[in-house]
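Let me begin by handing over the structure; questions about it come next.
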Amino acid sequence: MASIAEQAIIVSRFQEYLRINTVQPNPNYMEAVQFIFREAHLIGLQAESIEFVAAKPIVLLKWTGSDESLPAILLNSHIDVVSFEEDNWDRPPLGAEIDGEGKIYAKGTQDMKSVGMQYLEAIRMLKASGFNPLRSVYVLFVPDHEHGGTDGVRMFVQSEKFMSLNIAVVLDKGLPSPTESYRVFNGERVPWFLEIQAVGQAGHDAKLYDNSAMENLTKSIECIMRYRASLVDELKAGFMKEGHVVSVNMVYLNAGTLQPAEQPTQAVAGFAIRLPPFADSDELRRRILKEWAPATRNMSFQLSRADEGIAREKLVTATDDSNPWWGLLQNAVKQAGGVTSGPEIFPASTNSWFFRKAGLPAIGFSPISNTPSLRHDNNEVLSPLQILHFIVVEHPSVLLIMWWIITSQEQFLTPHLTFLQYLSRSEYLKGIDMYVSILMAYTLHA
Ligand SMILES: [Zn+2]
């Protein structure tokens, strides 16, 4: 445990990293890289910057172990944070202000500048104590995560550089936990993207056709929304964690024009779907074929699946005896005075996906307990006025369908305040202790 004076310095380093503007879509990676290089130099780690895509640097640090023949530990974090609209906040999102209770407010406090800095602080403490690792440790800071990770981790994992590292296990982000116990993740939901198309007869807007494109599409949307409602009920009942339930969300609608008012011959809707790795994907495909886009109703569809051609066992990291890293992490957290729950499936996408796909065990863990998850809270909750503007000014053609959706989704009608993500000083410091314990267990594991 660090002294009061040391704690203040540790927290001020975290604040400094938070204040670097790495907000998408124009993150200042160069400033972040300079900061990480400076810290690596002070701690005494080898550092290099690799660019697979221009101006999107990956920083790789190395703490060399005494037995380099043993596969190494990889600690991953992403440098960028999600975008925000300044006006929505009561505190500056890059201010890293600390309130009277010790809460630090900034984008990245939870997702995931905290984790990146905690890795470094843990290594700094271990080095200062004279600890010598048996296995080497790599610390990876990657760009582009909040843009899908294609120009960051994906490129890195495919590189010869990565092959040469000989990695045994990867740690990446998890989610904050509202309770005492830390959440630990061994898989993530698989993104599917579905576009359904309806066709029908063109004609005057006054005519009551049967089987029009709009009618056909609306039937499908109703059907999908009923299925969605059943998923929401499952979640609300509280028996299932978010990552263990399928999610379906309509993300666009495209049909018709207001002038001239004709019934369109084509109507299209797009849906983002996330599937737990153990979900019955054949059942969902059948649903799409028979109910959501049946050829009998002049419907067709395009489905793209992120898990196309990937073996099921590569989507989930083992938590049994075949994977020693799982048990080592639980024990190490326990020894440092923490508790873990899980294993859980991460509801969205993390960089672990790319590592698991490459055949490595990857564990999602952000040591943040007793904290509500506010990672992407921003303007994702719309006010009624914003919705009205969206429909009337930008998309008059979808007025009716949009109205139907909005009135059927009660949460859209309630305005919300948005809260800036925060992390308390004590949680941050406690998290460093967790990594100290994990790193000792991992690097000494023979
Ligand atoms: Zn994120």
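Just so it is clear, glycine is given a Cβ too, placed from its N, Cα and C backbone atoms.
What TrEMBL records for this protein is below:
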- Asp80: active site (ACT_SITE)
- His78, Asp111: Zn(2+) 1 binding site (BINDING)
- Asp111, Glu146, His376: Zn(2+) 2 binding site (BINDING)
Rounded to the nearest angstrom, how far is the Cα of His376 (Zn(2+) 2 binding site) from the Cα of Asp111 (Zn(2+) 1 binding site)?
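So the alpha carbons of Asp111 (Zn(2+) 1 binding site) and His376 (Zn(2+) 2 binding site) sit roughly 8 Å from each other.
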Would you mind reading off the Cα separation of the residue listed as 'active site' from Glu146 (Zn(2+) 2 binding site), to the nearest angstrom?
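Spelling it out, the Cα of the residue listed as 'active site' and the Cα of Glu146 (Zn(2+) 2 binding site) are 7 Å apart.
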Starting from the Zn(2+) 2 site formed by Asp111, Glu146, His376, give every other residue of that chain whose CB sits within 8 Å of the mean position of their CB atoms, in sequence order.
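My list of surrounding residues reads Val81, Val82, His145, Arg375.
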For the binding-site residues His78, His376, which one has its C-beta crowded by the most other C-beta atoms within 10 angstroms?
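Of His78, His376, the one with the most crowded Cβ is His78.
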How many neighbouring Cβ atoms, not counting its own, are there within 10 Å of the Cβ of Asp80 (active site)?
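Around Asp80 (active site), other Cβ atoms within 10 Å: 28.
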Between the Cα atoms of His78 (Zn(2+) 1 binding site) and Glu146 (Zn(2+) 2 binding site), find the distance and write it as a whole number of Å.
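Each residue's Cα considered, His78 (Zn(2+) 1 binding site) and Glu146 (Zn(2+) 2 binding site) end up 9 Å apart.
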I'd like the Cβ neighbour count for Asp111 (Zn(2+) 1 binding site), meaning other Cβ atoms within 10 Å of its Cβ, all protein chains included.
26
What recorded positions among His78, Asp80, Asp111 have a C-beta sitting less than 6 Å from any atom of ligand 1?
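Among His78, Asp80, Asp111, near ligand 1: Asp111.
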Suppose we draw a 10 Å sphere around the Cβ of Glu146 (Zn(2+) 2 binding site). How many other Cβ atoms does it contain, all chains included?
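Taking all protein chains shown, Glu146 (Zn(2+) 2 binding site) has 20 Cβ neighbours within 10 Å.
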